[in-house]
Amino acid sequence: MSSAEALAFDVIVIGGGHAGCEAASAAARAGARTALVTHRFDTIGVMSCNPAIGGLGKGHLVREIDALDGLMGRVADRAGIQFRLLNRRKGPAVRGPRTQADRKLYRLSMQQMITEQENLTVVEGGAADLVCDGERISGVTLADGRVLKCGAVVLTTGTFLNGLIHIGEKRFPAGRMGEKPALGLSERLLSFGFTLGRLKTGTPPRLDGRTIDWQSLDMQSADEEPVPFSLMTDRITTPQIECGITRTTPETHDIIRANLHRSAMYSGSIEGIGPRYCPSVEDKIVKFGNRDGHQIFLEPEGLDDDTVYPNGISTSLPEDVQLEILKTIPGLEKAVLLQPGYAIEYDFIDPRELKRSLETRKVCGLFLAGQINGTTGYEEAGAQGLLAGLNAARRAAGSEPVILQRTEAYIGVMVDDLTSRGVSEPYRMFTSRAEFRLSLRADNADQRLTPLADEVGILSEERRKRYLTRETALSHARMVTQSLSITPNLAGYYDLRLNQDGVRRSAYDLLSYPDINLDRLIAIWPELASIDPVTREALEIEAQYAVYMERQQSDIAVMEREERLLIPSGLDFDAISGLSNELKQKLKQRKPETIAEAQRVDGITPAAVALLIAQIRKFGGRQKLAAETLEGKGAA
């Protein structure tokens, strides 16, 4: 960056974590000249906490990131060392692909993809301040005095925003262990009028795997046939490993209870609220003290790394207490502690300050993604980063933003939850958060989102070809199975028990029966044997859900109609007779743009919605496709 021209970009992304990498890549793929600002290049893609990607709900997000040509799925496929499909025995809608990852492989693979991305420049340095021209972002000032000009900024600070690490009675500023926090940006955000809060997360101690008694432990293997995250991955080639399973003991619990006053969580040192679904071991003992033990997964951090991550004992107890705890856990009696567990507090912004494009309402061109929005988890961060980066590029180019609806993607569910409801604790994704789980499956993420990625210009030619090849194969298989039919009487000859109503049923219809798969149908129609395994699985799942999907479409249509009914920007909520003063205040503060958004405002009632619709009609509001106007007219 030797010339003045090199200091001007369309989009600047601050932070090289999971949100930052996806944001920078998406902005660059969208054609924006993009800068990724990070303290050090070698920390790009670091897995700060657990060495794993995916899981229940989270695996859906990774598949959606991949369907939009993001990075996380491909990187996880390269670095994954223990692939497991969670909820395999349940329906496809709630299955969760997951892998443990080699930390080093993951980081290096992510850095390689960032380096190879066109339109993307990595700028080493700390972001000290944001530069504005009126109420519009115009640049970033670095700690060394350099000023980078831009049309949009994506802020992905993770736990670095006023980060504070706690280990027992000790506490010190840090973004994560061994790295400095970002101290200046919080003041700038406060000056913009944003509402900031404090959240907390934690991590367990790291252990020397050579000092663990693996022989005494139960071991968990990877799936025999690993299921990749990415459409671009033909098969997993990285060696797969086992992890160990152990449990805390009553003696463990006694030590924790005796030292609760020394835990940062229970001594009053920590202000922030921690994640409900990833509690510290202190929380587990206090809240579930009647249990004899709590499960711990001992996850190796790499193929050539002896470090082990004990998943299940996140803690902020003093180091000496952590050592005592280890001695009471089977298999860990002689384990050497390489790094103590710790809690970390950090600033976040109330995500209700955001539009669904992830642009802030107060500052034009400023986008937020990841833990700064109150979420927890790599996958949640990466998904937000991709959407924020794409929309930052579109903002810089003067284009309308891309809004993902709740009916389209788990990303849409998450963003809508954040921007309409806010957070009282770190938010993580679950399949139960989605109203239309049957539609939003991990296996159909490509069908749902890849055409959109192509439409907005962030899809590579290689992925386009692969997607079209797969869709063509599925379409042909669907056509063939729908063209073949059989009577109930003849089906009985092949031991298929159908209702004897005389109605012919197609092979496609038969696949909806729980005890019928393609293998059984090949006995009737041998030509079906030519369908390849990937297409076969997709066809079976599609046919299985076809009837239920038809029923769900009416519910989806209702929600889509509500999304289309726009609330005019000039509507005076105070003038709506019959609304309580409390609701008027909430609506003025929240500024919902559609009836669907208004329905998700706390305290809104069906009667209040009816009053609001009547006022819109009186005002002269009219229905238009949300895709044509939402976030792009009054929100622009």
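Cβ coordinates are placed from backbone N, Cα and C, and glycine is handled just like the others.
The FAD binding site annotation in Swiss-Prot covers Gly15, Gly16, Gly17, His18, Ala19, Gly20 and rests on sequence analysis. Secondary structure at Ala19 (FAD binding site), taken from DSSP and collapsed to helix, strand or coil, is helix.
Residues or ranges marked as NAD(+) binding site in Swiss-Prot: 274-288. Secondary structure at Glu282 (NAD(+) binding site), taken from DSSP and collapsed to helix, strand or coil, is helix.
Gly17 (FAD binding site) is 20 Å away from Cys278 (NAD(+) binding site) when you measure Cα to Cα. Sitting within 8 Å of the Cβ centre of Gly15, Gly16, Gly17, His18, Ala19, Gly20, and not among those site residues for FAD, are the Cβ atoms of Val13, Cys21, Glu22, Ala23, Thr38, Ile44, Thr156, Gly158, Gly370, Ala381, Gly385. Here the binding-site residues are Gly15, Gly16, Gly20; the one with the fewest Cβ atoms within 10 Å of its Cβ is Gly16.
There are 32 other CB atoms within 10 A of the CB of His18 (FAD binding site), with all protein chains counted. Of all Cβ atoms in the protein chains displayed, 33 besides its own lie within 10 Å of the Cβ of Ala19 (FAD binding site). Reported as a whole number, the C-alpha separation between Gly274 (NAD(+) binding site) and Ala19 (FAD binding site) equals 20 Å. Put simply, Ser280 is the one of the binding-site residues Ser280, Lys284, Val286, Phe288 whose Cα lies nearest to the Cα of Gly17 (FAD binding site). Cα separation, Glu282 (NAD(+) binding site) to Ala19 (FAD binding site), rounded: 29 Å.
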